[in-house]
Ligand SMILES: C[S@@+](CC[C@H](N)C(=O)[O-])C[C@H]1O[C@@H](n2cnc3c(N)ncnc32)[C@H](O)[C@@H]1O
Ligand SMILES: O=C(O)C(=O)C[C@]1(C(=O)O)C=C[C@H](O)C=C1
């Protein structure tokens, strides 16, 4: 795991909490935060590397969109041959700076091009694998189809998009159970009631989850030919969408 300070941000947050932002404080604790907050996070990252190993070919690129500190880029780097380029994109300066520092210490790190940019503004071309690991959920819902369509257009035949998202359940009983289990997961990982409630409030209207079926329908509407659910742990779901 990458170096991380322990995440105590929401034990120290002032009330009312400010909307969640990927700032320098979050970047400093991010590996600890995401591991303790997202059930199956390590599996999701590993899955992106495994898909890259199966799908990426020399002369093509892998994209890690919304890369944070680059866990997915590092998994792709470890699993692909040297002729595969890797492009890591994030619009949070503290995240891309952290990734650049990490890459300077990793053999072959120069194979990863790091861009501080909005994912809606980067060119996607010759892509065999694109990962959106917990990123699409932070875009305004009306911007999501446009981004997915541009990704689709930039992919080579046989390419795969790995999309992982926190999903919403519209059935009240399902939503209540899965949310309670997710909060139990956080408690078991040492988060206090205050921290859980504070983060919930901070993510309101910042992370906008959609039902799994809405993701699947939109992936098909923008032109992916197959949509395969690869993974689910509670309210976190990952799909492979095929060109
Ligand atoms: C939950 S984190 C992603 C975790 C990361 N993919 C991983 O596997 O460790 C979401 C990331 O998306 C980035 N992000 C959100 N909206 C973005 C946008 N419009 N353009 C670029 N990056 C964005 C955030 O800065 C943040 O680093
Ligand atoms: O903590 C939560 O409930 C989350 O939704 C986790 C989540 C995400 O899914 O992207 C939210 C913010 C980030 O810090 C990391 C993970």
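Placement of Cβ uses the backbone N, Cα and C atoms for every residue, glycine included.
Following the DSSP three-state reduction, the secondary structure of residue 118 (S-adenosyl-L-methionine binding site) is coil. The annotation S-adenosyl-L-methionine binding site is assigned in TrEMBL to 41, 66, 67, 68, 90, 91, 118, 119, 133, 200.
What TrEMBL lists as domain 'Methyltransferase' is 64-159.
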_Restricting to the chain of residue 133 (S-adenosyl-L-methionine binding site) and a gap of 6 or more, list residues whose Cβ falls under 8 Å of its Cβ, or answer none._
44, 45, 48, 64, 66, 71, 72, 162, 164, 238
_Nonlocal residues around residue 67 (S-adenosyl-L-methionine binding site), in sequence order (Cβ under 8 Å, 6 or more apart)_ = 73, 88, 89, 90, 95, 96, 99, 114
*asked:* For a quick check of understanding: among the binding-site residues 90, 118, which residue's Cβ has the most other Cβ atoms within 10 Å?
replied: 90
